[in-house]
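Okay, so here's the structure we're looking at.
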Amino acid sequence: SFFFLHIYSCRLRRVSRSYIIVRLVAGSGAEPAQRVDVLEELKLGESFSGVLQVRGFHNQSRAFLFQDSWRNVRASAAVAEGLLQKLRGRIEFTLLLTLKQERLNSGVILSIHHSEQRFLELESSAPRNEIRLHYHTQDQRPHTEVFPYRLADDRWHKISVGVSSSHIVLHVDCSRIYERVVDTPAMDIPALSSVWLGQRNAAHGFYKGIMQDVQLVLMPQGHISQCPDLNRTCPTCNDFHGLVQKIMELQDLLAKTSSKLARAEEKMKSLDGCYCEKTCSLDGEVYREGDAWIDGCRNCTCSNGTVKCEAVYCPPLLCAPDTAPTYMPGACCKECQPSLSLSGHDFCAEGSSQICVENSECVNLEAGACCSCKDGFRSLRDDSAYCQDIDECAEGKHYCRENTVCVNTPGSFMCICHTGYIRIDDYSCTEHDECVTGQHDCDENALCFNTVGGHSCSCKPGFVGNGTVCRALCDGLCQNGGSCISPDTCICQQGFTGKRCETDIDECLDGFVECDSRATCVNLPGWYHCECRDGYHDNGMFSANGESCEDIDECEMERHSCANDTVCFNMDGSYDCRCPHGKNCSGDCVHDNKVKHNSQIWVLDSDRCSVCSCQNGLVMCRRMVCDCDNPTADLFCCPECDPRISSQCLHQNGVLTYSSGDSWVENCQQCQCLRGEVDCWPISCPPVQDCEFTAVPEGECCPRCVTNPCQANTISNDITKTCTDEHGISRFSGSTWTKHGTECILCQCKNGHVCCSVDPLCL
């Protein structure tokens, strides 16, 4: 679910993000502080045997040929620590390089490891046509992400592997080949870890070919420095995860604050016995303990923090015969006033209404006016000038019936329906059938069942879930990113077909793709790529159909081997060595500043397993063909032809040996000896179906279903399934916290289940 939210956030933040990225990425790439040039850091070419500086893909930086199998290209302890300090804790970085890998080679491009733990390793395998990224996850599990792609084709390629939290993007030649959501890599690399280039260690994983521009870019969208014309506006997955992390931090802060508040409340209880002067508040005025005041016609006092008011005491009046006791405006008690002999007048209009104050109204009588309390109020004194509200609910003077609750209002009351009920009239309610009215939260693929005061949801047959969210169930699951949209029905992603999306569509074979004549179509799982043919290279526009492939002028770029008076003539996709009129051209060649005669064959000084020949001024080199029936075969180049020993490959432990073609399993990896080289890849495990929690038993390689979530070491976190910690705070699935009152008990939310254990690093 994080991945789809990331895509949505990309659209919302496209404009603001583009400004930031443009500022960060300028000129040839990222700012120097955000970029590590691995070749320069290792000072390659100065002190490493088996590595030779050669002509690269371009002339702006140095390129190096990695050859032989006795080299030891390892960063010094100081250089390695400096590089690792920049990489530690990073969840967003990009590995960039330009390479030309020999055919049939399986080798490690870059390896950062400690003992047997590979924290970051990029590997290219020709026998299986794969690119592999090895790393450690945040829960300390080794993980290998495999990208089916052929790099070892003796051609130049630009490679970009971008990591952004749980998001990995692979670009090859500025084309986005793969984009995946994976277990988040953990760059908590320990001290004394080693950094190797072109090999895994001193004995295994030797890369053979040329490398150039090997860089670590420590910022998002690092591929833009290699391919500046690509989209640079979309935010990364790390942006969204950063927001989720902030929410988790706020949750943790809230939990800690709640703990402090609980301790503060305990301290407050101990202060109850202390003297503390209490105050009273009335109509915005604050009164001290013992204060007395008059409020209208009431005498009020502040006592123990509570306001107490009583009606003003009025003494009895003895009035003369021609006078009568009458309330005067502004007075609380009656006063003797002359008797009125008039009748039929509107005494209220003449000012008598002024004596009717709170919730009271003036009423005309024959001899004068009087006050009467409004409906729902009762008098505070005998003339009804001051009246207070009657609480019909408390006194039982209401008409609310079943399924309602009475709520008092000034001068009246209301009958409120219970939850799950709807109103019939002002005083009664009946049960509400949410299923009939459609006012429910059941999924469209769920059945709604009405209950007393509510409803329940249950997924329909062929769907699974909690009723509010139901997803279709497909036997065998949908492969290659396909989506199960209805029972036993998969919708495949572009490039795949089949009932379970198990079949890759070969766009090149099926005629869906028409590449330019200067390019050839290369099929990929779910995708394709128009790759420039030999003699052509991309002009930097990287068009999808290969239109950007243009001829390489080998003559101008001096990539030809014309010699001995021959003249180089460029041709479309090639070149020709021609003899000018009047010249006696021998057809000889110049190679490594040495003259080679026409038809001469020789072995390269730098690689005894490569054979070159001079053909009419053109030098052509190829790997030596192994003929095991030939008794003079070079056993160094053809170890599979050696009849005297039973194996040609050395096991990882440095003791056992294997013959070419032998296979074995080591650390949950399938390994094979091929032409003297060892290639290993992760064991293929069958899919675990209908399983929320999985674990890999000790001594095994493939996960199995477990019912106890606390035993699971692999889980797909569902942020809708939260947990409640000991403070009542809601926690997202995947979040961790230290249990209240302890220092070494670490708890984690696993899809609604709280799992706590002792943190071994704390002991």
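Just so it is clear, glycine is given a Cβ too, placed from its N, Cα and C backbone atoms.
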Pick from Cys470, Cys484: the cysteine that TrEMBL pairs with Cys474 in a disulfide bond.
Cys484
If you check TrEMBL, which of Cys492, Cys508 bonds to Cys501 via a disulphide?
Cys492
Grab the same-chain neighbours of the domain 'EGF-like' (431-471) for me: Cβ-Cβ under 8 Å, and only residues 6 or more beyond its ends, written as numbers and ranges.
403, 418-422, 484, 486-488, 690, 720
Reported mean pLDDT - the domain 'EGF-like' (431-471)
84
Contacting positions for the domain 'EGF-like' (389-430) when only residues 6+ beyond its ends and CB under 8 Å are counted:
359, 374-378, 452-454
Residues of the domain 'EGF-like' (389-430) by DSSP state, where helix covers H, G and I
4 helix, 18 strand, 20 coil
Around the Cβ of Cys484 (disulfide bond), the count of other Cβ atoms that are within 10 Å:
21
Between Cys474 (disulfide bond) and Cys492 (disulfide bond), how far is it from one CA atom to the other, in Å?
13
So if I draw a 10 Å sphere around the Cβ of Cys492 (disulfide bond), how many other Cβ atoms end up inside it?
21
Cβ neighbour count within 10 Å of Cys501 (disulfide bond)
23
